[in-house]
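Down below is the structure, laid out as structure tokens.
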Amino acid sequence: MIFTTSKNSSFKAEFKELLERGKMDIAHVSATVGTIIDEIKSNKNQALKEHITKFDKWTPVSDEDLKISTESMSRAYENLDKALKAALHLSYDRIKAYHEKQKPRSWFDDEPNGTILGQRVTPVDSAGLYIPGGKAAYPSSLLMNVIPAQVAGVQNIVVCTPTPENEPNELLLAACHLCGVSEVYKVGGASAIAAMAYGTETIPKVDVITGPGNIFVATAKKMVFGDVNIDMIAGPSEIGILADDSANPSHMAVDMLSQAEHDEMASSILITPSQKLADAIKAEIENWLKILPRQKIARESIEKRGAIIVTSDMQEAIDLMNEIAPEHLEVATLSPFELLPLIKHAGAIFLGHNTPEAVGDYMAGPNHTLPTGGTAKFFSPLGVENFMKKTSIISFSAKAINEIGEECALIAKIEGLTAHEQSIRVRLVK
């Protein structure tokens with residue numbers, strides 16, 4: 001773990017290295033992913049079955065084997081522990097309520113001369129949602145992807161999730177039933193992205209693909225973008241924390257480890273103007289590591305991609321964090337809302353000592369599918385707008401076209417587009 005201060009002579013180099021760590025290099029998998037996509041485009045279901053045999057260690061006999069039955073999803077839901085079922089329902093309700101507030105509205109504006117201008121917002125026809133499966137299956141990811149698509153009004157929702165050894169994750173199936181999803185396919189990785197982007201005999205082509213995944217999934221999404229829309233190209237999970245002396249060192253340590261336990265590539269960075277707090281957090285990290293079930297993963301992550309940085313003041317800490325533009329940003333300070341206007345770049349901001357990042361993963365309401373690797377400088381969280389499109393509406397009356405027609409025709413003439421010019425002039429009153 002990098003443990004440093006901004007006053008160190010080597011800090012600029014250390015910080016630059018820290019920023020580079022967060023970037024995802026897809027060059028080494030691009031050729032493999034490109035081949036997978038080409039095989040799906042050419043051989044469709046047959047290629048899917050071959051890829052499932054190779055990567056998930058089971059062989060679909062028929063095309064029907066690719067799809068998970070609604071009966072198995074219903075059964076998984078009924079078998080859920082009562083408390084867990086209630087928790088999933090509460091999560092669903094909170095996520096839906098938040099995303100309902102996001103929904104963009106169509107608008108129209110009438111001008112006195114009879115011109116009508118507007119913007120119509122409508123859902124895409126179909127969406128493909130990729131949900132990681134196997135041991136890393138997260139029902140929360142299903143809720144976070146399905147709900148905004150449903151709120152947007154998408155009629156056809158397809159879910160793809162890998163099922164190693166043909167054993168679907170029961171929690172994931174239960175969440176599918178809770179959300180009312182019926183088209184769920186046992187396909188993962190780049191193969192799933194290609195299948196949803198181009199269609200097979202079983203899996204329909206969709207308009208937009210969303211959802212998290214490993215480097216092969218991220219690379220496939222990047223490659224199919226343009227043939228379909230995508231939400232973002234997300235890399236390993238990351239957390240940034242701004243903290244002052246009012247923060248609890250033990251809380252800060254476990255918050256950092258909440259990302260580190262995801263995988264070895266996850267990033268956890270805390271920046272504070274307090275050397276005392278930094279020292280205490282470093283000690284608490286070791287205490288927490290001793291008791292975590294995923295200690296090995298968390299330790300490797302925190303050692304290779306963790307950092308605690310001490311700055312001269314909070315403004316410098318904020319400036320550094322804006323440069324990082326983390327996926328998740330906790331502001332664990334005495335007056336977090338006073339700092340909020342100074343924070344420019346983050347996927348989601350968690351304000352105050354009682355707002356751990358984990359509450360945003362499951363229950364707060366905002367989406368947990370967030371931009372990573374510094375892309376929060378230009379990408380936004382997954383939301384309802386990812387499943388909607390805007391169409392411009394234009395209507396001119398005879399009076400309106402005559403009021404601006406000459407000026408419009410003049411610009412067309414200057415651009416050398418005679419048919420454009422004449423299509424306006426023929427409508428003008430001489």
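Just so it is clear, glycine is given a Cβ too, placed from its N, Cα and C backbone atoms.
According to Swiss-Prot, the protein has these features:
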ACT_SITE  Glu327  active site, proton acceptor
ACT_SITE  His328  active site, proton acceptor
BINDING   Ser237, Gln259, His262, His328, Asp361, Glu415, His420  substrate binding site
BINDING   Gln259, His262, Asp361, His420  Zn(2+) binding site
Neighbour count first, Cβ atoms within 10 Å, every protein chain included; then name which of Ser237, Gln259 tops the list of binding-site residues.
Gln259
CA pair His328 (active site, proton acceptor) / His420 (substrate binding site), Å rounded to integer, equals 50
My understanding is the cutoff is Cβ-Cβ under 8 Å with a sequence separation of 6 or more in the same chain; which residues meet that for His262 (substrate binding site)?
Pro236, Ser237, Ile297, Ser301
For a quick check of packing: other C-beta atoms within 10 Å of the C-beta of Asp361 (substrate binding site), how many?
18
Around the C-beta of His328 (active site, proton acceptor), how many further C-beta atoms are within 10 angstroms, looking at every protein chain?
27
Looking only at Glu327, Glu415, the recorded positions on record, which one has the least crowded Cβ, with the fewest other Cβ atoms within 10 Å?
Glu415
State the Cα to Cα distance, in Å, between Gln259 (substrate binding site) and Glu327 (active site, proton acceptor), rounded to an integer.
11
In the chain carrying His420 (substrate binding site), residues 6 or more apart in sequence that have Cβ under 8 angstroms from it
Ala412
Please report the Cα separation of Glu415 (substrate binding site) and Glu327 (active site, proton acceptor) in Å, rounded to an integer.
45
What whole-number Å value do you get for the CA-CA distance of Glu327 (active site, proton acceptor) and Asp361 (substrate binding site)?
12
